[in-house]
Amino acid sequence: MDEPMNDAPGAQVKVTFTTNEADLQLPEEKRQLLVPADIRRYGLSRILNSDLMLDSGSIPFDFLVNGSFLRSSLEDYLNSEGLSLETNLTLQYVRSLIPPVFEASFEHDDWVSSVDALTATSPAGRWSGENFSRGQERILSASYDGLLRIWNASGEVLVTAPSASHGGHSASIKAAKFISSTQIASTGMDRSVRVWKYTDPGASGQAELKPTLELYGHRASVDSLEVHGPSKRILTASADGSVALWSASKSSSPEADASLLPNAHTSKRRKVASSVTTPQRGPLFLMQIHNAPATAAVFDPRDHTVGYSVSQDHTVKTLDLTTGSVVANLTLSHSLLSLCAIPRPNGAPLLAVGTSARHITLVDPRASAATTSVMTLRGHTNKVVALAANPENEYSLVSGSHDGTCRIWDLRSVRPASGGESEGGVGGNVSEPVYVFERESRQGKKKSVAGEGAKVFGVVWDRELGILSGGEDKKVQVNRGRDVVRE
């Protein structure tokens, strides 16, 4: 090992700049440079942005050294690694993720289980095409009080869903998504999937949320919901261990099993309790595929005929949604509680799976993959129940946990796992969060390691509105940072 370097006036370090970003490549002759030993990230970023280098203006950069972000001066880094002044450091420069700051929170009457965004760049906004207009950005929240609410970006409630007596859910809502700018799907503890027609405020200023379809097939709480707008397909996961595919269209939905309808075992008096009659239908497929509660199911980002599901039975399953069958099965070491698919340039996505063991496992679902677990993300202190991919790149995501925090992860920053850190405890890579933000409602209050009173239940990352999260504090919280998702 080289001798640690000594403090020396004017000491310099030879660095080699490299990047994987095609539009930010330096000419070969500019990649090696002598820089001051006491320089930090900001100084290195200024060098790269200078006229003699990239001439890129004011792009903030971070720098990776051996897979970890540089968080000190080069001098301090070399000393910490026991390296000498003569060491040639390779610095990989990447666009910075700017820390998201608290912007607003929207108060509810009960816990907020789920949140979604409707903007020009959100999935539902893109699927809506010309039917969506800028200035109509909306936030959808689902609550344990059994109600959906739609908000504008200023935090005003535009409309609240009807209660059970008027066609709404009869128990807590667990998940909700925009299918388009005019259609919403929701699921809940009442075992139902519901489709709603949303009418945005027009000249009258009156918004409307009207139930149009009730879907029955699950035999327990429906805890997860994913939608694909162009095909009007809905994918759900239930505590009964099943995963189901549905249509948001009445005409293409089969009849429901009569024994599963809410009126099947109730008295005549109870049957007429609702003043609204909504069509009731069943699933296109219902797959009884897990041996414990199914906690999440998602569509493949590039192929809606492929799905993925996870469960407390420790398994990740790849689903053929044209036949309703399982085509691949992976078994991990812990109960799996949340799931998101991170698109990759080619082939299958990377699956991020939140666990009861407080970490996130990145999984390659391809049967041909040499290693099932690609990376382990560590930092949460309680179970990880919500995940959302960055909408603008393929290397970052946000997680929500019962520890009361959301954490942002940058998959470009990795290190080899030490004993017991990776999924399965053997080999692999590990990453730590680059940013952590807590519930604003808990600021100034004594913090609980377990996150009591501040558990996060749902999170979504939108390019325009920022990171939206909901939780036990009965609030939707908005965190946004300038260029936080800049590609």
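Placement of Cβ uses the backbone N, Cα and C atoms for every residue, glycine included.
Quick look at what Swiss-Prot annotates:
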type: REGION; residues: 13-95; note: region 'Ubiquitin-like (UBL) domain'
type: REGION; residues: 253-277; note: region 'Disordered'
type: REPEAT; residues: 122-161; note: repeat 'WD 1'
type: REPEAT; residues: 168-206; note: repeat 'WD 2'
type: REPEAT; residues: 217-256; note: repeat 'WD 3'
type: REPEAT; residues: 379-419; note: repeat 'WD 4'
type: REPEAT; residues: 451-487; note: repeat 'WD 5'
Dominant neighbour of the repeat 'WD 2' (168-206) in 122-161, 379-419, 451-487, by Cβ pairs under 8 Å: 122-161
Leading contact stretch, 217-256, 379-419, 451-487 vs the repeat 'WD 1' (122-161) - CB distance under 8 Å: 451-487
The repeat 'WD 2' (168-206) [mean pLDDT, rounded to integer]: 93
